[in-house]
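Quick look at what Swiss-Prot annotates:
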type	residues	note
ACT_SITE	266	active site, nucleophile
BINDING	2-19, 121, 158, 269, 334	NAD(+) binding site
BINDING	154, 155, 156, 157, 158, 210, 214, 255, 256, 257, 258, 259, 263, 327	substrate binding site
């Protein structure tokens with residue numbers, strides 16, 4: 001099919017590249033001309049495993065092109081995907097300005113019948129608004145062809161987005177027209193050869209499904225973090241509790257890991273938007289507000305734990321951070337727990353030595369003053385980051401942090417304090433290696449106090 005993808009951000013790039021890989025002709029429209037130039041050269045503006053090679057292959061095969069011209073992108077398109085951002089507004093609601101602006105442009109520039117598909121995460125009723133805007137635009141131009149508007153929310157996980165797109169758990173298509181839904185089913189057919197997981201439903205239901213799914217996953221995380229807090233007070237190890245819970249098939253093993261909170265571009269934004277949507281309907285979303293509050297509290301725990309271990313003595317301290325991105329497999333720093341800790345440490349005059357496999361540059365750009373005065377140093381090696389540190393804090397559970405040389409680490413540190421924000425390590429083993437260990441919702445191992453700086 002001939003496709004147009006509007007927006008060369010995270011969702012747009014994965015969508016465009018993966019559809020092109022299946023033999024479709026895809027034009028990706030991006031208003032940032034510098035980004036377009038980079039993409040035409042095969043340079044990725046984001047980090048996502050496997051995406052760069054697909055993009056370059058499809059560019060070479062001439063199945064994928066990038067343009068800053070919407071008119072060029074729309075020419076002969078059978079299906080048009082809207083994949084632009086819907087950030088949080090000041091009141092927490094989804095900012096639809098980008099989506100609605102695209103709808104206005106489509107009404108003004110479409111030259112043939114097509115299906116417009118919204119992949120952006122949007123509130124209930126947005127497809128109807130987009131459809132009406134396009135209809136009015138076409139009417140002003142006296143165009144009589146039909147444009148169907150469908151909802152097709154994305155369920156991509158950063159760090160595994162390519163695999164998620166190639167092998168989706170499900171494809172949700174919300175459409176008011178049978179033919180549009182069937183066309184989209186055919187478009188996705190190559191990704192579903194071994195299983196039929198296309199769910200056809202109304203547009204409003206499709207829009208709500210994305211919010212509900214993300215809110216539920218965020219709820220699981222916050223629930224486990226709340227249990228971890230109670231475990232910490234009762235001398236119980238949340239990791240044993242997690243295994244006990246996860247063995248129940250009704251609960252499962254996913255998203256039940258206690259830690260230092262969730263971040264990223266989806267969970268915080270979508271929970272916030274759903275809360276705001278409930279408020280607009282006069283509905284009290286008690287659970288969602290508790291989920292959000294618990295997550296905000298969770299992001300403060302690492303700093304508080306360090307304060308206890310340091311006995312409130314921050315002067316002269318150096319803290320090493322492992323992991324800065326909000327999760328492994330991405331360079332995304334949006335609402336990352338690491339930034340809450342980093343900013344608290346800098347406010348208290350602590351020197352921070354940090355390492356992340358891919359997010360160092362993004363952090364340096366966010367904190368140029370701290371980098372300039374060497375209050376924050378970013379290192380290419382995790383071992384370099386711990387040199388002379390009074391504590392090591394694991395914030396993001398990258399695979400390369402799972403089995404490091406702990407003897408080398410202990411020998412490099414000034415004080416062998418290890419705060420495990422993702423419960424990656426075994427407390428007893430860390431104590432055997434000479435560390436003072438503290439996880440999330442786990443009994444402390446090793447000595448209980450750190451010496452003064």
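Positions of Cβ are set from backbone N, Cα and C atoms, glycine also.
When the C-alpha distances from residue 256 (substrate binding site) to the recorded positions 2, 8, 121, 266 are tabulated, the minimum falls on 266. Within 10 Å of its Cβ, the residue among the binding-site residues 8, 17, 256 with the fewest other Cβ atoms is 256.
The recorded positions 5, 11, 14, 258, 266 differ in how many other CB atoms lie within 10 Å of their CB, and the one with the most is 5. For residue 214 (substrate binding site), the nearest neighbour among the binding-site residues 5, 8, 14, judged by Cα separation, is 14. Between the alpha carbons (Cα) of residue 158 (substrate binding site) and residue 334 (NAD(+) binding site) lies a span of roughly 12 Å. Of all the binding-site residues listed (2, 334), 334 sits in the most crowded Cβ setting, with the most other Cβ atoms within 10 Å. Residue pair residue 17 (NAD(+) binding site) / residue 266 (active site, nucleophile) shows a Cα separation of 21 Å. Shown in sequence order, 11, 15, 83, 119, 121, 210 are the residues of the chain, 6+ apart in sequence, with a C-beta less than 8 angstroms from the C-beta of residue 154 (substrate binding site). Considering only the recorded positions 156, 258, 263, 266, the residue whose Cα is spatially closest to the Cα of residue 334 (NAD(+) binding site) is 263. A separation of roughly 9 Å, to the nearest angstrom, links the Cα atoms of residue 14 (NAD(+) binding site) and residue 156 (substrate binding site). Across the structure, the residue listed as 'active site, nucleophile' and residue 258 (substrate binding site) place their CA atoms 19 angstrom apart.
Each residue contributes its Cα atom, and for residue 5 (NAD(+) binding site) and residue 263 (substrate binding site) these two points are 26 Å apart. In sequence order, 299, 326, 327, 334, 335, 336, 337 are the residues of the chain that are 6 or more apart from residue 263 (substrate binding site) and have a CB within less than 8 Å of its CB.
Calculated from their C-alpha atoms, the gap between residue 8 (NAD(+) binding site) and residue 156 (substrate binding site) amounts to 15 Å. Residue pairs drawn from 154, 155, 156, 157, 158, 210, 214, 255, 256, 257, 258, 259, 263, 327, the listed substrate binders, are separated by up to 26 Å at the Cα level. Calculated from their C-alpha atoms, the gap between residue 156 (substrate binding site) and residue 2 (NAD(+) binding site) amounts to 23 Å.
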